[in-house]
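S.K.: I am attaching a structure below and will ask some questions about it afterwards.
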Amino acid sequence: MKKGCASENSLPLWKGSSGDTGGSRHPLHHQKEENMTIQKRANAAIGLTILVAVLFLVLPMTPLAGAMKGIGFLFNALFAGLIGFFFLKDDFIQQFKHFKFKTLLYGIPLTILTGVAFGLLFHMIAGKPTTNSIDSSISLVFILTQIPFMLMGEELISTNLLIAFEKKGLSFTVSSVLVALLFAFWHVTAYGFHPLQLLLTLAPLRLVLNFLWKRSSSVWVSWICHFLYDMISLLPMAFK
């Protein structure tokens, strides 16, 4: 009897122990798989976003240059948008749902002052900067109809990388600096290969736009500040 009781008692105890152990492992295993999925999506978003930015630079130098003239202003916004939507999902979508007017109010003058200050600093150090290659063909219609889409493309490329870098575990500060450096050199076809000018005039501007995006959780805020800054610098060219 006692032996039988011992045998009966041992079976439930063994089952319970196994069940508890399996149950405690399962959530951890699920979380590990989920983290791996997030990492894979972040890697894909980084790689594909950089690819889009590079293609935008090199395609005008290929036989596809003619086709790029008609739709080139939509290229970055369209493909960076698709990448963000499919690989970054909610984090990408949320930036379109927020808007902080207070951030916009100080963001506009902060963006303009940063651009002007570092432009003057470069002028003092190295002389007159190289002008943007589109300055000679700029028009008011171009500024109002194509520049907004081009700048939204630049914003989405930047915010895709900011979101993905943070998912990889990088701090916002490190992510922002990396994006600012990439942003500067993505303008090499517009300003030529002048590293000091690119780093000194464009990287600080991108750092400010990244900061405004983070503070407002809104791509609209950084986009408006970016557009107004560019419009101020491009309008004089349009009326020459």
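Quick reminder: no glycine exception, Cβ is built from N, Cα and C everywhere.
What TrEMBL shows for this protein is this:
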- 139-231: domain 'CAAX prenyl protease 2/Lysostaphin resistance protein A-like' (DOMAIN)
- 1-28: region 'Disordered' (REGION)
- 42-61: transmembrane segment (TRANSMEM)
- 67-88: transmembrane segment (TRANSMEM)
- 104-126: transmembrane segment (TRANSMEM)
- 138-157: transmembrane segment (TRANSMEM)
- 169-188: transmembrane segment (TRANSMEM)
- 220-239: transmembrane segment (TRANSMEM)
S.K.: Mean pLDDT over the domain 'CAAX prenyl protease 2/Lysostaphin resistance protein A-like' (139-231): what is the value?
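M.R.: Averaged over the domain 'CAAX prenyl protease 2/Lysostaphin resistance protein A-like' (139-231), per-residue pLDDT gives 96.
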S.K.: Give residue numbers and ranges for long-range contacts of the transmembrane segment (169-188): same chain, 6 or more residues beyond its ends, CB-CB under 8 A.
M.R.: 50, 53, 56-57, 154, 157-158, 161-162, 195, 198-199, 202-204, 206-207, 210-211, 214
S.K.: With CB pairs under 8 Å as the measure, which of the listed stretches 42-61, 67-88, 104-126, 138-157 comes out on top against the transmembrane segment (220-239)?
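M.R.: Checked against 42-61, 67-88, 104-126, 138-157; highest Cβ contact count belongs to 138-157.
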S.K.: Helix, strand, coil: count each for the residues of the domain 'CAAX prenyl protease 2/Lysostaphin resistance protein A-like' (139-231), based on DSSP.
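M.R.: For that range the per-state counts are 80 helix, 0 strand, 13 coil.
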S.K.: When you scan the chain for residues with a C-beta under 8 Å from the transmembrane segment (42-61), skipping those not six or more beyond its ends, what do you find?
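M.R.: For the transmembrane segment (42-61), the sequence-distant neighbours (Cβ-Cβ under 8 Å, at least 6 residues beyond its ends) are 68, 72, 75-76, 79-80, 83-84, 87-88, 153, 157, 160-161, 163-165, 167-168, 182, 186, 188-189.
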